[in-house]
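Okay, here's the structure, questions in a sec.
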Amino acid sequence: SGESGAGKTESTKLLLQHIMNLCKGNSQLEQQILQVNPLLEAFGNAQTVMNDNSSRFGKYIQLRFQKNTVRGAKLSEYLLEKSRVVQQDTGERNFHIFYYMFAGLSSEEKEMYGLLDPSLYRYISGRFGTQDVAQRWKQKYQEVCNALDMVGFQEQEQVDMQAILAGVLSLGNVTFEPEERNGSVKVSEASRGWLKAAAVINVLRQLVCCVPCPPWSPSVSCCCLCADARDSIAKVAYGRVFGWIVCKINELLAENVDPEVELSEIGILDIFGFENFAVNRFEQLCINLANEQLQHFFNHHIFQMEQAAYKEEELPWETITFNNNEPILNLLLAKPLGLLSLLDEQSAFPQATDKTLVDKLNSSFKGNLHFQPGRGRVLGFSIIHYAGKVQYTAGGFLEKNRDTLPANVRGLFINSITPLLSLLFTGKSLFLLWLAGLLIFRCPRQHSLMMLMERMYSANPHFVRCIKPNSQKEPGVVDSQVVLLQLRYNGLLETIRIRRDGFSWRPSFEEFAER
């Protein structure tokens with residue numbers, strides 16, 4: 001754990017390499033496990049203002065052993081930031097894979113996928129990079145292709161996957177305009193070419209029919225509805241591709257042993273770090289909630305369980321106080337009046353707006369020490385997290401929390417001309433995704449986090465606390481104040497004290513007697 005850019009993903013890769021080395025083997029399975037990370041980073045990581053390779057999802061890797069030999073692995077992913085596909089703030093980029101494709105595909109391959117100059121695409125904001133950066137992305141693209149081959153993806157699957165990604169980019173350039181004759185909406189003349197390029201998605205042609213325009217609604221509102229539906233399709237298509245990649249990885253890495261054989265397990269959690277940007281949205285609330293829960297989990301094991309054991313043993317002990325973030329979790333998770341419960345309640349009302357949500361939060365949490373109403377004209381609120389105060393912009397909260405796709409649009413996906421896209425929306429595929437815990441139809445955010453914490457509390461944890469040395473993403477520079485702030489809010493100063501004053505070595509009686 002640690003804040004964004006502190007080195008969690010890099011530490012995870014080193015830890016995996018170390019464990020594979022300790023197995024003293026060089027099997028194909030072990031190599032496949034190591035190849036999973038560059039693949040996931042390409043599709044699940046992106047550049048943010050805090051981190052050039054920021055994980056925009058959480059992953060839990062379970063390694064299964066039999067007599068010190070790796071027999072299989074399983075990957076679980078949490079809370080992919082799908083909204084990044086259609087929108088990025090200043091100084092940020094879309095997921096790496098889009099840039100890798102532009103840099104790594106040949107001219108013939110780009111023509112096959114209908115890809116033009118990267119500066120033309122709205123979903124990557126016309127930003128590409130310098131020649132040096134493009135060369136590095138070209139190498140990364142080759143690494144992704146090698147990883148896909150190593151893990152076991154078929155050539156046609158790789159072609160279909162890239163066709164979908166190219167279609168998503170073209171989809172973002174499709175715009176809408178009012179139909180003069182009857183007041184309905186049509187694809188604008190200027191973006192007809194993009195519609196043709198996005199034909200791999202094969203849903204926009206009927207999209208206008210799927211978005212009903214009430215007779216009292218101005219045509220400009222219908223254009224916005226169609227644009228929202230377009231973005232929803234792009235997000236869902238990318239999310240399903242990502243989930244399919246994880247499912248394929250799990251199929252290929254599954255252990256091939258007798259079910260009666262008992263396997264031991266090491267699990268590694270690499271989750272997005274605490275974030276506080278100039279503009280913080282629904283995604284940052286989910287990320288920071290996950291970090292609040294991990295901090296509480298840390299406190300529970302390091303302070304509460306530890307000191308309870310000393311008390312039970314009747315050892316002389318002066319209680320060490322720590323910054324307990326339970327009141328913040330109650331603010332966020334309590335039922336029926338916690339923030340997320342109120343968000344779900346408002347999401348169930350068709351007439352509710354982001355403003356009615358904020359009004360509800362302001363009245364419900366008036367006087368709460370960890371909640372502050374928004375100031376000025378920005379619709380939002382602030383939460384005093386364990387790591388500091390974060391101001392959230394409430395625009396889009398209800399839409400993102402609902403995270404729905406109309407059934408008729410799903411039907412269009414199933415009838416897609418691209419076999420892989422059709423597969424991702426058929427009953428069998430959805431069932432497999434659901435079995436893998438990758439697809440939750442209702443409240444994906446709460447259910448996903450609940451499953452994660454259940455896994456955490458059933459394990460015997462070891463904590464790797466990553467500390468960010470400076471805020472400028474500079475190597476070899478240590479900012480003492482930045483480091484000290486993290487040591488304080490993470491509870492590491494109190495941790496050092498309880499380790500120094502307490503009893504950190506716990507031998508069994510047999511070990512003690514033998515020694």
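Glycine too: its Cβ is placed from the backbone N, Cα and C atoms.
According to TrEMBL, the protein has these features:
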- 1-515: domain 'Myosin motor' (DOMAIN)
- G2, E3, S4, G5, A6, G7, K8, T9: ATP binding site (BINDING)
- 420-441: transmembrane segment (TRANSMEM)
- 449-471: region 'Actin-binding' (REGION)
Which residues of the same chain, at least 6 past either end of the region 'Actin-binding' (449-471), have a Cβ under 8 Å from a Cβ in it?
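Sequence-distant neighbours of the region 'Actin-binding' (449-471): 1-3, 5-8, 11, 15, 50, 58, 60, 76, 78-79, 267, 269, 271, 273, 286, 289-290, 293-294, 297-298, 301-302, 437, 477-479, 482-483, 486-487, 490, 492.
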Which has the fewest other CB atoms in a 10 Å radius around its CB: A6, G7, K8, T9, the listed binding-site residues?
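Comparing Cβ neighbour counts within 10 Å for the binding-site residues A6, G7, K8, T9 gives G7.
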Report the residues of the chain - excluding G2, E3, S4, G5, A6, G7, K8, T9 - with C-beta within 8 Å of the mean position of the site's C-beta atoms, for the recorded ATP site, in sequence order.
N51, G273, C466, K468
Taking the Cβ of each of the binding-site residues and counting other Cβ atoms inside 10 Å, which one has the highest number: G2, E3, S4, G5?
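By the 10 Å Cβ neighbour count, E3 comes out on top.
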